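The structure appears right after this line, and notes come after that.
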């Protein structure tokens, strides 16, 4: 910078925005300060002051003093300024502008990440502050949670994140908006008190179980498992002489950690990594590193969260809570950069449920399914699915369920007039969010049903997908349910409920799992009794009564008026799907009164007809090897024999705390 600071002329204490400042361009990144002989001494003060004598604020920090305030930081170091959902919505724009994502505002970080992004000036983003929002969580519950509360917080976070993602996707990719809906949603949740386990503690966290999975670091913060949104070591000052105590660590590949042994973790200290503007350096025994060293001598338990690549979405990570460890020893060694690095050996406390060990086993099964204990068939679909489905029995000697013909999708035995057949979309590449001209998007109320990774954004009474009659490409993102299985599933023998279904992969809330495939009948003509006296236990009724539940985001949490939009199913014509003789993996999904899967009706057109499909999506995040279940519902009166509503009732063994005791 030529001439140091003396080369730039700034009009002091001026609010005139039209004033042109004589500012010379920076010539180097390293700050250059003038000698005392060249000008006044350099003074570093906050932009809002206070300012010492002889110095005054400059635009835009020269507003009225009453508007100046220091940001209020919560205990996690996050600014609790809410970003309303309307902040990411394009308003006062024509449908064409909305389709191309025109807007005025952009993310603060976008200038450093996407310097070439051009922003239109034709529209603006409005900001609305939530008023009188009740988080539904008391002050005591914010300090100490439980399993139900933890699940509630995570569900509300992900519902908001999906909605923000849907809105971001509707804006043009090169608009300058940084797609970090997880950070935006987390900021909103924290600023409104939708969180729990804020009280830092050593050891287990109430409501969080070993093996629980998370897809975002913000989720760890919201439930109190790990309060640092960036740093890998969380710690507090202990009661004993104020020394630091380590509480938890996240091992996710940022450092050279050894994570091969499921019961031992060699963890590298923090700091010293090379960055964009700095070289690698020796680590220092301070902050998190010092806390780990103190915990070594103190012998306290440390929570360990392990992170690794998501098997389905390779660009993302999955974090699994692996339980409690103790630090056994520490040392210093030369890292790959040639600088000194602290190393800590953590040993898992015996007797805990397997978590990371399960993930290691699954990796071996994927390399060679024959290593799976109890394997009967490596693929019961016989190649009908692109992803094989293993058949496993570790309980008894049964060799498999009764024979059936595998179908990948529903089989209509005759044509049904479900909805009025309309023309397909006119997109010749792929349907894109925000395209107001796409007829398939119009049929979905103007919203693209799925976000970028194929996850369902919101439940709807009925969703319209592009079908074979649409000219868009086969891998159009509005054909999610037609792409077959994405998760590596297995049909397994349960201890008391026959055969069940579970996944080797972690599943995100809103992820498509499978369709209920089988033969489609008119509900009036279908019966559970096939006529030969044998009860058909593989049957799905669209007209049963189902427990209502809220899955979509809360408009009130972001300052929007309460919405009257319903999530109740809207089936144009009741149908029955029988998977007794022809079906797919969905026929093995058992009932639960607290299910982790829900069904969503989807319509798409084929052969000049509109056909209904029943598709299953994850209701919440589902760890690997967790049984997949849905609510079978309660039959309507005309489904039972006469007025006997107990006909076909079975004892429920789902084990849920809210178990009704029976199912149909």
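Glycine is no exception: its Cβ is also placed from the backbone N, Cα and C atoms.
Keep in mind that TrEMBL annotations are predicted by a computer and have not been checked by a curator.
The domain 'YDG' annotation in TrEMBL covers 203-348. Remark: secondary structure over the domain 'YDG' (203-348) totals 18 helix, 56 strand, 72 coil, with classes taken from DSSP.
Residues or ranges marked as domain 'Pre-SET' by TrEMBL: 423-484. Averaged across the domain 'Pre-SET' (423-484), the predicted model reaches a pLDDT of 90.
The annotation domain 'SET' is assigned in TrEMBL to 487-633.
The annotation domain 'Post-SET' is assigned in TrEMBL to 648-664.
Between the domain 'YDG' (203-348) and the domain 'SET' (487-633) there are at least 3 Cβ pairs closer than 8 Å, counting only pairs 6 or more residues apart in sequence, which means the two stretches are in contact.
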